[in-house]
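So that you can see what the record holds, here are the features copied from TrEMBL:
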- B:13-149: domain 'DUF1468' (DOMAIN)
- B:12-30: transmembrane segment (TRANSMEM)
- B:42-62: transmembrane segment (TRANSMEM)
- B:74-95: transmembrane segment (TRANSMEM)
- B:101-117: transmembrane segment (TRANSMEM)
- B:124-144: transmembrane segment (TRANSMEM)
Amino acid sequence: MIEALQYLTIAWFDPKLLGLVALGTFAGIYVGAIPGLSVTMAVSILISFTFAWEVYPALCLMVGIYMGGVYGGSRTAILLNIPGAPSAIATALDGYPLAQKGQAGEAIGLSTVMSFVGGFIGIGVLAFAAPFVSEFALTFQPRDYMLLAILGILLVGSLSGESLLKGIFAGSLGLLIGAVGLDPLTAQERFTFGVVELWGGISFIAVMIGLFGVSEALTQLHHVDKAAIKQTVGRIVPSWGAIRKVLPLSVQTSSIGVIIGALPGTGGDIAALMAYDHAKRVTKAPEVPFGEGAQEGLVAPETANNAAVGGAFIPMLTLGIPGDAVTAIIIGALFIHGLNPGPMLMIEQPQMFWFITGALMLANVFMLIFGLTGIRLLTRIVEMPRTVLIPLILLLSIVGAYAVNNAITDVYWMLLFGAFGYLLKTYGYQLGPVILGVILSRLIDENWRRAIISDQESLGLLLRGIVTSPLSLVLLLAVLFVFFSQTPVWTGWRARRAALRASGDGI
Amino acid sequence: MPEPTKKKPGETAFALFLVGLSGFLLWQAWGIAGFEALSSPGAFPMAVTFTMLLSSGPILFRTLRVADRAPLRFFTDIAPPVILIMFAMMLGYAFLLKPLGFLPTSLAFLTLSILGLRRRGLAWSFGVSLVSLALVYLVFRIVFTVLMPQGIVPEGEILAWLGGLFSSGGAP
């Protein structure tokens, strides 16, 4: 216990690590606050510069960017009605009406404090639950890992996009990209086309920066002529009375955030929407109606999306399964640093777990400090013209892709994936499932092969193993449910039922 | 989220390309180990590429059936000149990065792209680019110690000279 506490506080007393968490949090808030630039972009570009570093400093920067980015997205949601990140969509519903009433400062202040509260609840649950989850995960069979990973990709693919088919295609494409190179078990070439450079696979960094850095920057070029909108804020620090009023609700919505964040494949965006829905149901008599500037409607998504950060680290660190695109990128970065997220991490390197938890706590504190003190400075930076910002992002993307292996080939791969990602995005394919697929490809492949070998190459035996194990059965049913609940047959049936009910009410 | 009922320009060609790509990759995956065993190195790639084909096929079918989004055009709304030019400039940057080095290539890239996007004169663009590059260099090259190609600017010697200047200046 004392050892855990020591590891937890390493970053707190080391000025360099402390500074890096602060820098990461600030960069995350800044990028998250720029409309159109996502936290995924910030993480993908910035962490590529940290691969040559020692693992502790690199982790500090990553954790800071993630925490700051999730919070930063709320800023533009409140001020401009443009969510900076998907997790801030629900924030705009009541945040923007508050800003329209001239209460932008109060809204930002309250959302900052409540994000801090939510963040701490999430991290607290991570610290207490992860050791148990990790112990439980030791009982997982290879088939369970395989099913869990498929569930994760399917959830990301089906919940975030406009079409299940496009989500499935995107996830499969990611799995395929992850399979390029020499087979880790037999060293047989897969999709290498005789090119020796492809034996090691396609650089994960190149794919990641291409998909989230270049393609997003190219998309932003469509709006390059739009002038940066001046952002005005008044009073910032919320009153104790305002905080006390929403505190009980924030505990409930934080719990929703942690649980949803901890499910593989679901992240802050879904958590925030569910928390908003919960707030609407439990708040019987709001002072201001929901959708017109209710404080409860602002607090619920903000606490939930920050609580989901701690939640998302649970499957990431204990199972090695990312919750969303950002955690997928962080897992990839951990692999590059020689860490192997999964149940063994807690046993072999518990110091890493506690260190990450400590850095998250620190990032949460910095988020509060920067959120409350740096609002005016941040609004100035956010007003930086896109005509300067986009070339800089593109420049950093190239530098980031090159810096990892000092290889120009990686830059070409990045550009290829940038252009491809831009087209995918333009035509309605989600990029999150692609990166999740790249990260989970090896895990699914290896566990599938382990599972089928242990069942003597018999699909029948594998299926029998699944239906006779409660955990495997639950996972299989979850996969089937997610799949069929998005098919036209099911959605059509539900629409017909709703229409029938509506016509029944009308009579 | 409901699916759009109209397609964008180039969407059919892109969907067709994805079907072709999936088919080609399935054929490649089959070439890895055929149907040798369920645990063979080719089994997972075959399953994945088959899923790609299985999903891209209906997407193409659906795309073919829906009507065009009338006023949109490919080279004005999907790939307008600004995007094509910026992409070409990035390719040029990547091509020149090694022979010319990080500093001159980046300065040229930033100046030209800011000039093209902002249209506020060469001097302004150059000034902004110089300041931005100095910041990028300071953060990533000096603080983050990221190694970048040196090219025609003797960067190492300049840094060593600067370092020497400071250390000799600081000595008693």
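In case you wondered, yes, glycine gets a Cβ from its N, Cα and C as well.
Given the structure is predicted, the values throughout are model-derived calculations rather than measurements.
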Among B:42-62, B:101-117, B:124-144, the stretch with the most Cβ pairs under 8 Å to the transmembrane segment (B:12-30) is B:42-62
Return yes if the transmembrane segment (B:101-117) and the transmembrane segment (B:124-144) have at least 3 CB pairs under 8 Å (sequence gap of 6 or more), otherwise no.
yes
Summarise the domain 'DUF1468' (B:13-149) by DSSP state, stating how many residues are helix, strand and coil.
108 helix, 2 strand, 27 coil
